[in-house]
Amino acid sequence: MNNERDTEVKNGSFFVQSASTFATQIVLMVISIVGGVIVARVLGPELKGKATLIELLAQTVFMVCSLGLGAAFSYSIARANDGRSQIISAAIVIGTFLWCVGMVFFWFSWELHRSIWIGIETKFLVAASLLSLCYILTNYGSRILIGLGRIDQVNVGALAKSLVNISVIVFAVWLFDFGLAGLVIALLVSSVVHIMSVGWFLRDNLRFESFWSADFISRTAAYGLKSYALLLINFLNYRLDLILLKYFDGDQAVGIYSLAVGMAELMWLAPNAAVAPLFSSVAKSDADNRSERTLQTTRFSLFLLLILSSLAVVVGPYAINLLYGKEFEGSYFAFVSLLPGVCLFPIFKLLTVDLAARGRPGIGTIASALALVINIIANCYLIPKFGFVGAALATSLSYICMSAVVLAYFVRLNDYKLAEILFVNKSDLSKMLEFSRDCSNRFCDFMRSDR
């Protein structure tokens, strides 16, 4: 039992884990771009829009049915509150049960939302339903690995999924021209591989153990439901624009806009790389200064995004025409409209992770709820006037709102100055240079040893 409560971080420091995750994210980005180019070139804007809606359905079912329990499992295992096998058993059984309940509700309520899925064949809707189960189980499993501090294993699982996905896309979409069906097959096969990889990493504790105690269920549900409200509202903030754009402007507009969203979200690689190790680090620490790492990560992220967005504005139109073709050139204007919100969004993401790791996920929910109201109103007003560019402006505005609310709360709670959160300082620049030199030295040592 002592061994189960000894939640060790096997892969070194927070910074090493973040660097490892960032390197993985870079590889995933390259694979994603290649896959996106193939899909856009072969399918075109309209079918790409349908593909986006199919994946949106899977993500929606996953988000509604998961109940935020992935965060609860991660927090519980990081704090060593319960046995590992007990938590894994709960994740598998509860995840499958919630998915079944969600499927019954989805199909019985079909008449209420069928207009969203007009033009999408039933077989693709069924595939999206199966895909959502994969998303639930891999989310729970990955969050458990994060709680254990096994960040590298999370990265390997994501990399395996991405490599299988691009391989199937090359064969099914490009070489054999299966079209939309080929893309859906790629999503399903890669998701199954992801489940298998996560299961393999957890195999030592993959045995059933009773989890029916009232204490375990109440604690898990209490934390999960707090996080669930945040996750669900965040998801609506991220994806409601696609549904409204489909309603007001059709599949082609969704296809063009989804490319802009994908490009913008690629810029979150750096802050996303820090989320898992940051949560694990803060959740396991009781030190008064445990937020210092959060502040440094936020400053680095904002600085990097400012540089990346400046470059993207310049090279964006040429890159879109070269990679995706003139059919998608309108994506550039949506992309530029998204940039203000995208650049500031790490403030929300990283500070919310810090607060959630300390057992305070509530403020993120409030900020997201306020932003969601703004998002809906802005989308309904701007999309009829400006199409997909209006959707981008509305989304950017909601991101800025979310970040501002959480920033104000975090400053008040911790008595930090804004400059300590937003702007890099001399110490940060010194650490950047030191890290660059260290990476250079390690690379040179590796090359010499290889000889």
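The backbone N, Cα and C atoms fix where each Cβ goes, and this holds for glycine too.
What you see is a predicted model, and the numbers here were worked out from it, not measured in a lab.
What TrEMBL says about this protein:
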TRANSMEM  21-44  transmembrane segment
TRANSMEM  56-75  transmembrane segment
TRANSMEM  87-110  transmembrane segment
TRANSMEM  116-137  transmembrane segment
TRANSMEM  158-176  transmembrane segment
TRANSMEM  182-202  transmembrane segment
TRANSMEM  228-248  transmembrane segment
TRANSMEM  254-279  transmembrane segment
TRANSMEM  300-320  transmembrane segment
TRANSMEM  332-351  transmembrane segment
TRANSMEM  363-384  transmembrane segment
TRANSMEM  390-411  transmembrane segment
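Within its own chain, the transmembrane segment (390-411) has Cβ neighbours under 8 Å at 237, 241-242, 244-245, 257, 260-261, 333-335, 337-342, 344-345, 347-348, 351-352, 354-355, 363-364, 366-368, 370-372, 374-375, 378-379, 381-384, 417-418, 421, counting only residues six or more beyond its boundaries. By the count of Cβ pairs under 8 Å, the stretch nearest in packing to the transmembrane segment (182-202) among 87-110, 116-137, 228-248, 332-351 is 116-137.
Annotation: stretch 21-44 has the most Cβ pairs under 8 Å to the transmembrane segment (158-176), among 21-44, 56-75, 116-137, 228-248, 300-320. Annotation: stretch 116-137 has the most Cβ pairs under 8 Å to the transmembrane segment (228-248), among 21-44, 116-137, 300-320, 332-351. With respect to Cβ pairs under 8 Å, the transmembrane segment (87-110) is most closely packed against 56-75, considering the stretches 56-75, 116-137, 300-320, 332-351, 363-384. When the stretches 56-75, 300-320, 363-384 are ranked by Cβ pairs under 8 Å to the transmembrane segment (332-351), first place goes to 300-320. Counting C-beta pairs under 8 angstroms (sequence separation of 6 or more), the transmembrane segment (116-137) reaches the transmembrane segment (56-75) with 3 or more such pairs. Listed as Cβ neighbours of the transmembrane segment (363-384) (distance under 8 Å, sequence separation of 6 or more from its ends, same chain) are residues 226, 229-230, 233-234, 236-237, 240-241, 244-245, 248-249, 348, 352, 355-356, 390-391, 393-395, 397-399, 401-402, 405-406, 409.
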